[in-house]
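Structure record follows, encoded as structure tokens.
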Amino acid sequence: MMESGVPLCSTCGEQLGLNSNGEVFVACHECNLPICKSCFDYEIKEGRSSCFRCGAPYEENATIADVETEVSANHSTMASHLNNMQDVGLHTRNISSVSTLDSEFNDESGNPIWKNRVESWKDKKNKKKKAARKLAKEAQIPPAQQMEENQQPGDAAQPLSRVIPIPKSQISPYRAVIIMRLIVLGLFFNYRVTHPVDSAFGLWLVSVICEIWFAVSWVLDQFPKWSPINRETYIERLSERYEREGEPSELAAVDFFVSTVDPLKEPPLITANTVLSILAIDYPVDKVSCYVSDDGAAMLTFESLVETAEFARKWVPFCKKFSVEPRAPEFYFSQKIDYLKDKVQPSFVKERRAMKRDYEEYKVRVNALVAKAQKTPEEGWTMQDGTPWPGNNTRDHPGMIQVFLGHSGAHDIEGNELPRLVYVSREKRPGYQHHKKAGAENALVRVSAILTNAPYILNLDCDHYVNNSKAVREAMCFMMDPQVGRDVCYVQFPQRFDGIDRSDRYANRNIVFFDVNMKGLDGIQGPVYVGTGCVFYRQALYGYGPPSLPSLPKASSCCSSCGICCCCCRPKKPTKDLSEVYRDSKREDLNAAIFNLREIDNYDEHERSLLMSQMSFEKTFGMSSVFIESTLMEYGGVAESSNPSLLIKEAIQVISCGYEEKTAWGKEIGWIYGSVTEDILTGFKMHCRGWRSIYCMPLRPAFKGSAPINLSDRLHQVLRWALGSVEIFLSRHCPLWYGFGGGRLKWLQRMAYINTIVYPFTSLPLIAYCTLPAICLLTGKFIIPTLSNIASVWFLGLFISIILTSVLELRWSGVSIEDLWRNEQFWVIGGVSAHLFAVFQGFLKMVAGLDTNFTVTAKSSEDGDFGELYVFKWTTVLIPPTSLLILNMVGVVAGFSDALNKGYEAWGPLFGKVFFAFWVILHLYPFLKGLMGRQNRTPTIVVLWSVLLASVFSLIWVKINPFVSKEDTTTVQGCISIDC
């Protein structure tokens with residue numbers, strides 16, 4: 001609040017000012033309506049001659065132009081800011097703060113008595129026409145990003161990024177081979193279907209069905225990679241355009257989200273390194289805010305953030321002074337490189353040693369907190385002031401917010417301002433659905449909108465630190481580029497990982513997905529959202545459509561591009577479908593008014609139509625008028641007159657456990673609920689609205705994280721992803737039928753999303769197909785008849801096309817053949833284990849309501865490099881691949897035994913059967929190594945069981961001799977009984 005005590009305007013939130021007599025300006029003497037002179041003049045200009053609160057006519061002397069006196073320097077600054085915002089088409093309401101109004105200007109429910117001032121439809125329509133003509137000549141720059149008029153035209157015309165297409169010498173042969181493979185597949189299936197194997201009809205039928213499914217899966221995976229692209233950014237141009245020397249930075253603000261749940265499973269030191277890397281990022285400090293979501297309400301997390309905030313006062317200036325990389329201290333000090341390279345300051349070595357010592361002392365303090373938290377006191381945790389910790393009951397506790405650093409917080413040791421650091425733990429009560437990570441992210445969206453309201457959001461997992469301090473600038477090269485960023489909902493960075501063995505035995509790096517599939521999607525409508533390392537445009541999370549969407553048809557509203565019918569034609573009443581249509585219409589047409597519901601009787605028909613829009617906003621976003629106001633501020637920001645304490649109270653309200661009830665949160669806006677892989681759903685909804693995404697791959701990886709490297713943990717990670725895909729397949733958001741109405745999702749993009757939700761079902765035909773070789777070897781039958789010359793050509797052509805496709809894909813993507821082979825191996829391993837369990841678990845959960853969890857029992861491992869790689873954790877997911885390995889090995893032994901018994905003519909048919917059996921065994925070889933443990937140290941139990949099983953099966957085989965018929969046995973025995 002202002003110190004002068006002058007009342008605030010109920011419309012714009014500014015002080016009323018004084019009239020020519022030196023008295024506080026009063027517009028209506030009947031109800032003393034608090035409205036400033038500027039807003040009053042606007043009302044008169046719009047033809048409203050009566051008070052919108054009591055209905056009494058304004059007095060004539062109130063309309064006389066008075067000289068308004070500014071009562072404080074702050075008001076003068078704000079007034080000039082409002083005028084600037086109005087010049088570029090933004091409303092004064094868009095930067096006012098509802099939380100700062102006194103209680104006397106609020107109704108009983110706490111809603112402010114104010115309404116939005118909207119321009120007339122004709123003026124708005126004319127402005128749109130002028131803007132359209134201007135856009136046809138040159139790229140239109142968003143108001144918050146406009147350059148000054150004296151900027152040189154050459155600088156404005158330079159793009160901040162460019163698309164680098166794959167050379168035709170690489171992409172054209174690749175596409176030709178894809179078409180050739182498609183044709184060969186058709187001829188191959190024509191032969192397979194028209195040449196059944198009568199002696200093994202069941203095996204033949206199963207094999208054909210499996211092969212058809214594999215072909216469909218290949219098509220879904222291959223064609224979204226039809227037009228891959230690379231991108232290049234120009235960070236220097238970004239700085240030249242938005243960071244002029246001697247002027248405040250015009251770069252857009254960014255809110256960072258870091259989510260954590262259990263500090264005993266997600267070590268606080270790892271989370272702290274992520275937070276420190278964010279606070280030290282190469283970006284203006286007043287543009288960075290870091291929000292840490294503690295969904296476990298753990299006092300350990302809170303206390304570790306206290307220590308982290310204190311250490312950041314030393315770490316941040318050190319990083320920026322010497323430009324160190326990465327800016328996570330744990331990973332910076334553990335680098336095995338020459339840290340003196342490119343360092344010229346004489347004091348660097350001394351300060352680095354001192355900083356390393358400070359960090360080690362900081363680690364000791366955090367480790368002491370972790371050790372203390374291992375055993376919870378019976379009476380619960382107690383804070384330093386003696387009060388009980390509010391989160392002692394993790395399932396029943398109030399919401400908590402604590403601001404550690406920021407504009408009014410501590411500065412660094414050099415006296416410079418630090419980015420804001422905010423601790424958030426949303427309220428949890430029994431009987432409420434909290435939606436895990438997606439619910440926590442949505443709580444952060446609302447809290448950040450009230451406290452900082454940055455136009456962009458970057459979310460990271462607690463174990464993904466900032467590896468490239470210029471990562472945000474890389475993203476802003478797309479978001480703030482007027483030619484590119486208008487329709488971009490998010491910029492996705494690839495995931496890179498530390499601590500993985502060099503051979504990447506279980507394909508933890510996902511190189512093929514991030515370096516091949518995502519580049520292909522970038523050439524269509526953009527990459528999918530992968531859950532972390534992503535910069536969002538906040539308005540896209542609110543469910544709005546991109547600005548470039550075409551105008552709505554006249555049939556749906558009286559105006560071709562207005563989402564609210566009564567904004568321009570009063571007689572017509574909005575239809576039921578219109579409330580759904582306007583959320584997807586142009587962003588500028590959604591800037592509807594917010595009114596006090598108690599004043600409805602005083603509004604005319606035009607104003608009542610806008611009031612209907614207010615009701616729709618509350619049903620969509622919830623009952624916080626402050627948050628609703630922030631959603632309409634396209635370029636973010638909060639009012640300078642905001643009262644921090646009142647904003648904190650409002651932020652506590654929006655993280656209450658019942659806030660999302662009967663709203664669109666998790667359904668249409670924010671992170672979408674309904675799947676454990678909320679990332680796929682969230683990105684899919686945005687693409688369905690017409691947005692596009694960007695894939696950014698800087699030379700230095702933007703973010704790095706940790707990945708589970710032992711077999712069991714890796715399979716359970718894959719199980720969770722596959723389960724999320726099955727849940728989406730069984731939901732209303734399934735890409736097979738969702739989002740066709742708007743026609744905004746491109747077909748190849750839809751094909752990619754279909755592939756992401758049907759791939760777990762490949763486990764069923766894959767299990768069957770991997771079993772066929774062993775069955776063929778044990779029964780002496782085969783799934784393929786005797787090949788003719790033409791059939792041999794089709795089989796050979798199919799194998800050649802598969803090889804050529806892979807080779808050409810490696811050529812344009814730069815992926816190594818080892819990465820491709822590891823990806824192929826783990827596709828089989830995951831398909832016959834985790835994906836299979838995900839399918840059954842998904843159906844049990846979605847159909848029968850049963851939530852099945854597969855527990856993992858951990859065993860100790862030896863210390864050393866990659867010691868966790870050799871940890872063996874038995875789990876039920878390991879049963880199917882283990883069975884397949886044993887079955888195929890036994891089949892190979894049986895096949896060779898049978899060939900030895902039958903003679904030379906049996907070796908020809910044996911070759912095809914053994915080839916397919918070895919195909920299965922080679923793909924499962926990493927799984928076999930995981931079962932055996934550390935290299936060259938096979939457990940004794942494995943050796944004993946292997947010898948025992950081999951001996952038993954050999955004896956049984958000799959006794960049964962299954963490939964010799966009873967008639968042959970009788971003949972042999974008769975021959976033996978006769979003395980020949």
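Note: Cβ is positioned from N, Cα and C throughout, glycine not excepted.
TrEMBL annotations: computationally assigned, not manually curated.
Since we're looking at a predicted model, the values are computed, not measured.
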Handout entry: From 82-106, 132-156, 232-256, the residue range that TrEMBL assigns the feature region 'Disordered'
Key = 132-156
Practice task
Counting only CB pairs under 8 A, let me know which of 790-808, 828-850, 871-894, 906-928 has the most with the transmembrane segment (757-778).
Solution key: 828-850
Fill in the blank from the handout: Lying 6 or more residues past either end of the transmembrane segment (828-850) yet within Cβ distance under 8 Å of it, the residues of that chain are 506, 715-716, 718-719, 722-723, 725-727, 729-731, 759-764, 766-767, 770, 876-878, 880-881, 884, 920, 923-924, 926-927
Practice task
For the recorded UDP-alpha-D-glucose site, whose residues are Ser259, Lys265, Glu266, Asp295, Lys436, find every other residue on that chain with a C-beta no more than 8 angstroms from the centre of their C-beta atoms, and list them by sequence position.
Solution key: Thr260, Val261, Asp262, Gly296, Lys437, Ala440, Cys462
Handout entry: Euclidean distance between Cα atoms of Lys437 (Mn(2+) binding site) and Asp679 (active site), Å
Key = 10
Fill in the blank from the handout: Asp295 (active site), Cβ-centred 10 Å count of other Cβ atoms over all protein chains shown, is 22
Exercise for the section: Just jot down the residues in the same chain as Lys437 (Mn(2+) binding site), at least 6 apart in sequence, with C-beta under 8 A of its C-beta; none if empty. Expected result: Ser259, Val261, Asp295, Trp671, Glu678
Problem - Residues that sit under 8 angstroms from Lys265 (UDP-alpha-D-glucose binding site) by C-beta distance, when 6+ apart in the chain - result: none
Problem - Largest inter-residue Cα distance among Ser259, Lys265, Glu266, Asp295, Lys436 [record-listed UDP-alpha-D-glucose binders, Å] - result: 16
Handout entry: Within-chain partners of the transmembrane segment (790-808) [C-beta distance under 8 Å, separation at least 6 from its ends]
Key = 170, 173-174, 177-178, 180-181, 184-185, 187-188, 191, 195, 222, 820
Completion exercise
Note: in the chain of Lys436 (UDP-alpha-D-glucose binding site), residues six or more apart in sequence with C-beta under 8 angstroms of its C-beta are Asp295, Val676
Handout entry: Alpha-carbon distance [Glu266 (UDP-alpha-D-glucose binding site); Asp461 (Mn(2+) binding site)] in Å
Key = 10
